[in-house]
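One structure below.
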Amino acid sequence: YTFASTLSHLRRTNTPIGRDGKLAKPRQLHNTHWGLVCPAETPEGQACGLVKNLSLMCYVSVGSPSEPLIEFMINRGMEVVEEYEPLRYPHATKIFVNGVWCGVHSDPKHLVSQVLDTRRKSYLQYEVSLVRDIRDREFKVFSDAGRVMRPVFTVQQEDDHESGIAKGALVLTKDLVNKLAKEQAEPPEDPSMKIGWEGLIRAGTIEYLDAEEEETAMICMTPEDLDLYRMQKAGYVVDDDNTDDPNRRLKTKTNPTTHMYTHCEIHPSMILGICASIIPFPDHNQAMGFFLTNYSRRMDTMANILYYPQKPLATTRSMEFLKFRELPAGQNAIVAIACYSGYNQEDSVIMNQSSIDRGLFRSLFFRSYSDQEKKVGLNYTEVFEKPFQQSTLRMKHGTYDKLDEDGIVAPGVRVSGEDIIIGKTAPIDQENQDLGTRTTVHQRRDISTPLRSTENGIVDSVIVTVNADNVKYVKVRVRTTKIPQIGDKFASRHGQKGTIGVTYRQEDMPFTREGVTPDIIINPHAIPSRMTIAHLIECLLIKVSTLEGMEGDATPFTDFTVDSVSELLRKHGYQSRG
């Protein structure tokens, strides 16, 4: 294992909820996770979103005794709850320590600023959290263990004449930063003289906030944004334009309604955790194509058939023996590798809607349903028929209108979710009288076969025959045309898989000098990290093949070079690398 994987394992958290629960909320990322939980690092599948990893700067409190704190507040004018008279101070603020109501105070603003000051000056443990709820007139103090906290820079709230820090500036000064840098270069002889992280906390430049205290803080994203905000408050006109450099990061506009910032993020990247290595797993789904030539006569349970399969232009010599030319699985598409509109990020692809309308990657889907007349007991048998509402028990939801008199749907009929396609009834067991609302009118019960609720299509073929035991047997095959749409998954032969992110009409697609528009646009980022160099070489080879009007030989372990293809490409007046 690597060091990173060990660290990542040590910072993993678990939510004790049943892994098969249907609730989505506990798995979802919440706003309050910012800076405490890594938004990316979570397993796939069952435990997704329930197993989380702590962010880099996240810290879990170890807890400290609350008695000295209560004593401190009593000395600062807190009235103990036992001596509290509600009639005398109806508007007093309640004070809670670790969830226990300890007392009340009539001047909460003064008390909160004093307690906050003692924490900033490190007379109070830095992991104590102070939450003042002005609306509900409450002041909550937490010093217990197990709260997740994160450090942020503090912002000066009032002008400080001693240190010369202006209101609204970071408490962290250049002077302190320089001292730290010097210390990094040559550590002091005496370890007690070292400033370090603890020194920053002691100086009150950094404060730890837990999720609850963060709700009461106003946090600025970067120190630069803070300076910008101060200049705007001072009345300077700050230009927000990004014209001077087209590659500059777009800044978020400052909010003019903000009264005051109390804290500032150390760095926005600290929301991320120790990244787990992402293991790509190969895709084992078979591509659609022709699995046999007599598919139209077979009654497979399920079958996917591509409308217009094509033989690939880059072939290998093994393909000859694998009958890949005769029964291909795929189509040759014109592919552009580009970031176009941004809808092909993270392995999604942009597809040409006009190509799809012309039949690109269109496929047939067949599903077969079968049933037989089983014998029930000695003299009763099940019967294929159109069930009669009055005399049949337990009829299904779907419509029976599409059945013929023999109880089977006819070929060519359009069917949709939960329509009955094979009607069948069975006799009611005479001995078994407890079938609920049975009257003498009900002679039979319904055991028909409905279409799957999520599917629709056309009845392709119906076979009525007898099986080996001379029992009547029916097979119905339903045909559906599937058209590529957003969310459908496609892959090249190199395991570069992706889903459609958006489809554009031909007029909205980019085009080359000759006016060729692509069918698919994949993202350039799919190439370097996966190192599917063969993919790029195949692109060059196929381009030459189309120009020469022949099949390109892509058999492995031959003395083929990229330069030889590049030369051919240049002869045809193209750029040598495609």
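Don't overthink the numbers, they just go from 1 along the chain as shown.
Every residue, even glycine, has its Cβ placed from backbone N, Cα and C.
Those TrEMBL annotations? Automatic predictions, nothing curated.
Annotation source TrEMBL lists domain 'RNA polymerase Rpb2' at 2-60 (among others).
Per TrEMBL, the feature domain 'RNA polymerase Rpb2' maps to 95-156 (among others).
Mean model confidence for the domain 'RNA polymerase Rpb2' (197-268) is a pLDDT of 76. Summarising the annotation, TrEMBL assigns domain 'RNA polymerase Rpb2' to 197-268 (among others).
The domain 'DNA-directed RNA polymerase subunit 2 hybrid-binding' feature in TrEMBL is assigned to 284-578.
Across the range of the domain 'RNA polymerase Rpb2' (95-156), the DSSP-based residue counts are 13 helix, 27 strand, 22 coil. According to DSSP, the secondary structure content of the domain 'RNA polymerase Rpb2' (2-60) in residues is 17 helix, 11 strand, 31 coil.
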